[in-house]
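Trainee: For 1-21, the entry in TrEMBL reads region 'Disordered'. Marked as transmembrane segment by TrEMBL: 35-54, 187-206, 212-230.
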Amino acid sequence: MYEPNRTPAPATPILGETYGHSSDPDWERKLASKIYNAVLEAVVAIAGVFLLLVQTGLSPVGDKRAQGNWVEIATQVMNGVFTWRAITNHPYYIVRLVMASRVLKASGQQRGQKLGPGIRAARYMCSKFPCVFVHRGTIFDHDVDCFEAQRSDTKNAKSPVESEEISRLGNFMFLCDEVKYIRTSLIILNLGCLFQYIMTAYMWSYNALTRPGFVMPVLLPPTILCSVIGQHRLKKLKKRGEGRRMILVNGAPVFRELSITRKSES
């Protein structure tokens, strides 16, 4: 029986629930990371500008001895920031390099061999590089089983899309060339960290008067180039993979952009 006095009224959404900060559950961590990186970059920029002003004489800081002291302070501040970033980032570079190598090693193994480490590595890399590693649950066409049936029916004849473009470990699909691209980028970033450690040892082992002058021009270019090139390669890969999805073409999974490229070439 309908009882108007006991019928609950429609729930009114709470303002905080309706207008949330973001649909991304990690938005706080990402925001904190952006602020953290912005602060470090601001410190480097301020120290660099101050160093330039002191060296060019645009900022009067006293006599030549005082000028040398301020140059040393600004240089040590910049080196300290770069060293801190190398120390905090290097473990992640090493882990991701190891995982990328495991993925490539497992993707080249035959079926029936032990693929557990490769699958776990692919799961980890998918969380760090979602633009490269695609979970089968995100494929546009939900009927992926037809691809599995086709693979079992045609064991001796593989699709060129499957054999040349798409690799699979467990439920994760990816392009081997892009994983190799990531591995190369991580090797460059690891080298940049090693150069930074050498630079720090050079800066901290000598004072401004006894420090050999030829070492800085030798160490500084590769240190900066490795960091810039490695980060640029990863950002370029992320930009290239944004918005890319996997679809089924003739029963085989391919990336949408590969399908479009193939159609334009035919």
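A Cβ is built for glycine as well, from the same backbone N, Cα and C atoms used for every other residue.
Buried or exposed, and what's around them? Tell me for each listed feature.
Mentor: Sequence-distant contacts of the transmembrane segment (187-206) (same chain, at least 6 residues past either end, Cβ-Cβ under 8 Å): 75-76, 79, 82-83, 86, 89-90, 93-94, 97, 212, 215-216, 219-220, 222-223, 225-227, 229-231, 233.
Nonlocal intrachain contacts for the transmembrane segment (212-230), taken as residues 6+ away from its ends with a CB within less than 8 angstroms of a stretch CB, comprise 82, 185-186, 188-189, 191-192, 195-196, 198-199, 202, 206.
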